[in-house]
Structure formats: C-alpha cells, structure tokens
Amino acid sequence: MDDAHSKRRLRDLIVAAVLTCIAALVPLFVKDVYVQNIMVLTLMYAALSQAWNILGGYCGQISLGHALYFGLGAYTTVLLFTKFGVLPWFGMLGGGLISAVIAMALGYPTFRLRGHYFVIATIVIAEIGFLLFHNWDWAGAALGIDIPVRGDSWAKFQFTRSKLPYYYFALVFCCVAWLVTWWLENSKWGYWWRAVKDNPEAAESLGVVVFNSKMGAAAVSAFLTAIGGAFYAMFVSYIDPESVMTFQFSLLMALPAVLGGIGTLWGPVLGAVILIPLTELTRSFIGGSGRGVDLILYGTVIVVISLARPEGLIGLFAKRRKEVAR
C-alpha cells in the first residue's frame, strides 16, 4: 500500500510538471488579448478553488463566504499601495495573514455549527463584510478605488503593455496552491481532515482534535484566497465591494471543485479549466443584457453533474483507470 501510495504521489508530481511546462508555452502561440485574459482568470480560479477545497473538500466545512477573504486580500493590498505607497507584494502577504487570523477568529463560533447552519453562517458573515466596505468612506465605499499606474514593473506589480506577466504569476500561484494541497493531502493534516469530514465523533475518539483541525484548514484556505484577491485587484486595476466581495465570487471559488471533484487534488483544476472559459465566453456572447444568465447556465451544469456523478468529473478518469488496470 505504501509503495502504491508513493507511486501515486510521484505520478501526480510528474503530471503537474508536464502540465505546467505546457501551460508556460501556451502564450507563445496564443496572442489574442481576450483569450489571454480568460487564461489568467482560469488559472486564478483554479488556485482559488484549490484553496476553497482545503476547507470545503478535505475538511468538509462547506463555505459560501470565501468572498470575504478574497475581498480582504484585495482591499488590504490596494489601500496600502494607494494610501501609503506599500508595494503590492507586502500587501498580498499582509492581506493573507489578516484573512487567516480573521478566519480563525470567525471559526470559534461558526465551527460549532454543522451542515446547512454552517453554510448559512458563512454567507451571512461575508454579507456583513460586504456591507461594511460598501459604507466605509476611507476605503472608497460604494464608489470603489481606482489603482493609479505607477510604471511597468514587477516591484509595483503593474503591467500595461502585456498581460503575460499576470499570466505567469497566475500560473505560479496555481502551482503553489496545488503543491500546498498535494503536501497537505499526504500529511497528518490531510488524514485529520478526512477523518473529521467522515465522522467527527470517531475522529475525536481516535485523538484528533477536531476543532484545531478545522481552524488549520480555515487559516490556510483564507490565506491563499486573500493572495488571489490581491492578485485580482492589481490585474483589473480597480476594486469596489461589488467587484470583489459578492456572493458570486464565493460561488465561483466553490463550483470548480464541485464540478471537477470535491476533496480531490485535481478536481478544482479540471473544474476551472471547463467552467471559467464557459462562463467568460457566455458573458461575452450574451452581453450586459443577459447578466446572471451565465450563473443559471453553469449552475445547471453543476446540478446535472452532481446528480449524475456526485464524485465529480475526476471520477470518470478514476473509473477509466480501473478499467484499463483490469
């Protein structure tokens, strides 16, 4: 079993390395700016869904309030950059740490809830965060904040001539989120989370500190989500509560994992590669008059997949592998 487990881990690393190399070469052949934009968003949401999957998939704590951490990362970075001249890199780190601390603080009351009560609590808390920023004048309130261009450079994380630097950062971010998940999945934390997800009482009886396990998952998940929010803010050069803290963002972080395979290593990546281009192309085709139709379309896809194959699309590959092995 140990040998098979080690081989699977090595195989995952090799596949990840090959896919990363392919992704790194794609911009050499794809010059269309709109397509590059979709690729950036796909990588970003793959990483965000991977972050959500740590808490919602492995630990079984379904959160629909991750837009709060996404927004905190965005606002921390932008406010520090525009008002104090702090480089975005420090803002990303600061936003990540703030989000991790807040996630643990919120975990004290919410992790005592279970099932749909926990889900509702995460939605309500995220909505409170949205309203706070929507009425906070110093943070731009409903009008938001335009990020001034202060020159093309990696130091200021601003690029006006090309989207490629953003693409490669998104690729690195996606790889880091995947590697963190890969490592955690096979560590004691991964075993604890799966035990907590399957049966909290049984896990507790075996010595697993259920509450601490959930707190650890929340901290890592929130930290990575905030990094994504900071990146997105610098990528679009503008933020307001509507653009970074709505329920839609929480859904878009969770749905790729649900579509691809919740609680799996490759599910969020597969789901994002399918869902995000579909979403962006649908928005482009329908236009502003069809706002919200994209949510209905891919929501329908998710429902169909969930009913027909609860383990997600990644289950198709697992089934195929078993058939080949026979």
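Yeah, the Cβs are placed from backbone N, Cα and C, and that goes for glycine too.
Feature annotation from TrEMBL assigns transmembrane segment to 12-30 (among others).
Marked as transmembrane segment by TrEMBL: 50-72 (among others). Sequence-remote contacts of a segment are chain residues at least 6 beyond its ends whose Cβ falls under 8 Å from one of its Cβ atoms, and for the transmembrane segment (50-72) they are 95, 98-99, 102-103, 111, 118-119, 121-127, 129-130, 133, 174, 177-178, 180-181, 184-185, 190, 193-194, 196-198, 213-214, 217-218, 220-226, 228-229, 232, 241, 244-251, 253-254, 257, 262-264, 267-269.
Marked as transmembrane segment by TrEMBL: 84-108 (among others). Away from its own ends, the transmembrane segment (84-108) comes close to residues 68-69, 72-78, 125, 155-157, 214-215, 218-227, 229-231, 234 of its chain (Cβ-Cβ under 8 Å, at least six residues beyond either end).
Sequence annotations record features per position, and here TrEMBL assigns transmembrane segment to 114-133 (among others).
According to TrEMBL, the feature transmembrane segment maps to 166-184 (among others).
TrEMBL lists 215-239 (among others) with the feature transmembrane segment. Same-chain residues lying 6 or more positions outside the transmembrane segment (215-239) and placing a CB less than 8 Å from one of its CB atoms are 40, 44, 47-48, 50-52, 54-56, 58-59, 61, 63, 66, 69-78, 88, 91-92, 95-104, 106-107, 111, 140, 144-147, 149, 157-158, 166, 169-170, 173, 177, 180, 184, 189, 193, 253.
Look at TrEMBL and you will find 251-276 (among others) tagged as transmembrane segment.
Taken from TrEMBL, the feature transmembrane segment applies to 296-318 (among others).
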